Amino acid sequence: MGINSYVSRPKGITNSNMTKMFQTIGLIGKPHHQGTNLTLTRLHHWLSMQGFKVIVEGRVSAELGADVCSMDLLEMGEHCDLAIVVGGDGNMLGAARVLARFNVAVIGVNRGNLGFLTDLPPDNFEEALSKVLSGEFETEHRFLLEAEVHRHGKITASNTAVNEAVLHPGKIAHMIQFEVYIDEQFMYSQRADGMIVSTPTGSTAYSLSAGGSILTPNLQALILVPMFPHTLSCRPIVVDACSTIKLVVSPENGENLEVSCDGHVHLAVLPGDEIFIRRSNERLRLIHPKGHNYFHVLRNKLGWGSKLF
C-alpha cells in the first residue's frame, strides 16, 4: 500500500461506549512461563470483570483453568478485534505473523528482556490498559516481509517475517557464496556467513547486532546487512521498501542452507536456489499507549544518555 508506518491519535471515548471499540480480546503468551501465566491470569480476570469477551490461545489456556474460552491463533484472528501478547518480542513476532493478515489490533505486555514491541508493564498494566481500552492510544502499521524460495522456476517454500529474513548455513556456521540483486539489477557477489534483510521494525534486532543501522519505523526502507563478509569494503545498504531482493545461492555451496523468518520459521534452501524477499501486503496493526515516543524507547532499551540540560 506504499505506507510503512503511520500514527493516529483517536479522541477518547466514555466508559459507556468503551466496548464498541474492542469487544472481543485475545490473550496470547509464552507457554510454560510462570511470570507469563500469572499476568495472563490477572488479565483474564480483569478483562472479564470489565465485561469483555476474552479468548485465550490454546497453548496457554490449560494453565489458566478449564473454564476459559480457547482458540488457536488463526481462529483468534477471525474473532478478536484486539490481541494482548504477554512475553517478549519473540512472542510478539510469532503472534504478529499470523494476526497481521486479519487486521487485529495488537499490544504487548513485557515479560521478556528488551521488549521493543511490548509497551505495558507486567505488574501494573491496569492503568495504562484501561486508557487504551477507552480509546487513548496511538496506532502504528508496520509492514512485513515475504520470503520465497524458488527452485527450477517453482516456489518450494515461503513465509512472512516482521523483523527479518536471513539466508544462512544450516546447522554448522561456515562461509557461503551467493549473488545479490536489487530489482533484477546485479549488486554484488558475496562470500559471507549469510545475509540479513531487515524491516525498520527488525533494525533494532538481529540486524543491529550484525552492525546495521537503526531505521525509524516510519521509513519505507529495507536494510541489507552481510554477516561477517570476507571483504573489508562490504557495508550494510539501505534500499527502498518497494524493492525486490533476490539472493542467488551459488551451486558450489556444498551444504544445504536455510532462510529463517524472525528466527522462528526455517525454509530449506539448496545450492542453486533463488530467494526472493519483498514487502508483504500484510501489515501489523500495533497500538501503543498515548504519548508513545520511539526515541524514548531507544534510550530506555539501549541505555543511551539522557538530556544534559
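Count begins at 1; order follows the chain as displayed.
The backbone N, Cα and C atoms fix where each Cβ goes, and this holds for glycine too.
For the NAD(+) site, Swiss-Prot lists Asp89, Gly90, Asn163, Glu164, Arg191, Asp193, Thr204, Ala205, Tyr206, Ser207, Leu208, Ser209; matching the candidates His152, His174 against that entry yields His174. Non-local neighbourhood of His174 (NAD(+) binding site): Asp193, Glu255, each in the same chain, at least six residues away, with C-beta under 8 Å from its C-beta. If you draw a 10 Å sphere around the CB of Ser207 (NAD(+) binding site), it holds 27 other CB atoms from the protein chains shown. Straight-line distance linking the Cα atoms of Asp89 (active site, proton acceptor) and Ser209 (NAD(+) binding site), rounded to a whole number, equals 15 Å. Here the binding residues for NAD(+) are Asp89, Gly90, Asn163, Glu164, His174, Arg191, Asp193, Thr204, Ala205, Tyr206, Ser207, Leu208, Ser209. Their largest Cα to Cα distance works out to 31 Å.
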